[in-house]
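Here's the structure, in structure tokens; my notes come after.
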Amino acid sequence: MTNAHYIGRFAPSPSGELHFGSLIAALGSYLRARSQHGIWRVRIEDIDPPREVPGAAETILRQLEHYGLHWDGDILWQSQRHDAYRDALAWLRQQNLSYYCTCPRARIQRIGGVYDGHCRTLQHGPENAAVRIKQFSPVMQFHDVLRGDIQADPLLAREDFIIHRRDGLFAYNLAVVVDDHFQGVTEIVRGADLIEPTVRQISLYQQFGWRAPDYIHLPLALNEQGAKLSKQNHAPALPEGDPRPVLIAALRFLGQNATAQWQDMHTDELLQYAVDNWTLTTVPESASVNPAFSNASC
């Protein structure tokens with residue numbers, strides 16, 4: 001029986017195929033949702049065309065299916081949500097909660113990399129300008145279900161951050177908040193590399209008058225050099241063969257109790273066993289290398 005009161009999601013960007021680090025986020029969010037008898041949605045965050053790889057979105061969906069991670073409902077494509085983002089921007093403008101900024105990146109770098117509110121009172125128009133939120137009540141900390149209370153960097157928390165870019169693209173923080181609210185997401189399970197923008201996203205929820213979801217930030221998978229596995233670091237794509245060895249490596253990475261039975265289970269049986277025995281308290285907080293996957297991928 002599905003618990004409609006719990007809605008989780010996995011929201012990859014189509015900048016390349018899924019790799020082991022992506023699988024950690026997908027699997028962790030999937031197991032958390034299914035262990036709560038909840039809904040698990042997939043959203044493709046295709047709002048940054050210069051970073052997108054042709055065909056990557058379709059490949060990602062095939063990879064999820066191949067690894068037994070079957071989602072609920074229709075895929076939400078951010079490229080089809082521009083009207084919703086424009087409406088959100090217009091509402092913030094009407095409420096005097098945003099302003100146009102013409103400051104070049106070089107100026108912000110010269111003052112230390114954190115924006116100082118220079119354009120907040122200058123009444124610029126939209127031409128060749130970004131849109132920034134007016135940070136009246138910054139969020140200085142948030143509670144992570146896995147990690148406890150997390151303190152924000154005060155300078156970043158207080159910054160009037162960009163919600164609409166100068167090049168006309170919608171900023172990630174705006175789009176993710178609007179879409180998570182639209183999809184009714186109650187808990188976000190994702191990688192620890194996204195801890196930093198969380199307070200900004202919660203502040204947007206407050207500006208809109210919406211309830212923020214709960215958050216769980218999973219440990220990051222690192223390569224042998226200690227860098228996060230990522231598309232930018234050329235992490236190898238998930239293997240196309242038998243998914244079970246990689247799923248087992250991912251489950252162990254997430255601190256789940258391995259049993260000898262895992263090796264003999266079919267993919268669906270393995271995932272159902274993992275759902276039935278999912279334990280958040282054994283998930284490690286720190287990032288680590290996964291040598292089993294690294295060796296298998298060479």
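Each position is counted from 1, following the chain as shown.
Placement of Cβ uses the backbone N, Cα and C atoms for every residue, glycine included.
Listed in Swiss-Prot:
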BINDING   Arg9, Phe10, Ala11, Pro12, Ser13, Glu45, Tyr172, Arg190  L-glutamate binding site
MOTIF     12-22  motif ''HIGH' region'
BINDING   Cys101, Cys103, Tyr115, Cys119  Zn(2+) binding site
MOTIF     228-232  motif ''KMSKS' region'
BINDING   Lys231  ATP binding site
Nearest-integer angstrom distance between the alpha carbons (Cα) of Arg9 (L-glutamate binding site) and Cys119 (Zn(2+) binding site): 36
Averaged pLDDT, computed only over the residues in the motif ''HIGH' region' (12-22): 95
For Pro12 (L-glutamate binding site), nearby residues of its own chain (Cβ under 8 Å, 6 or more apart in sequence): Leu18, Ser22, Ala26, Ile44, Glu45, Ile60
The motif ''HIGH' region' (12-22), counted residue by residue under DSSP: helix, strand, coil: 3 helix, 1 strand, 7 coil
Surrounding CB atoms that lie within 10 Å of the CB of Ala11 (L-glutamate binding site), all protein chains: 22
Inter-residue C-alpha distance, Cys101 (Zn(2+) binding site) and Tyr172 (L-glutamate binding site) (nearest angstrom): 17
Using Cα positions only, nearest of the binding-site residues to Ala11 (L-glutamate binding site) (Cys103, Tyr115, Cys119): Tyr115
For the Zn(2+) site built from Cys101, Cys103, Tyr115, Cys119, further residues of that chain with CB within 8 A of the site's CB center: Thr102, Ile108, Asp116, Gly117, His118, Arg120, Ala130, Arg132, Asp160
Recorded L-glutamate binding residues, Arg9, Phe10, Ala11, Pro12, Ser13, Glu45, Tyr172, Arg190 - maximal Cα separation rounded to whole Å: 16
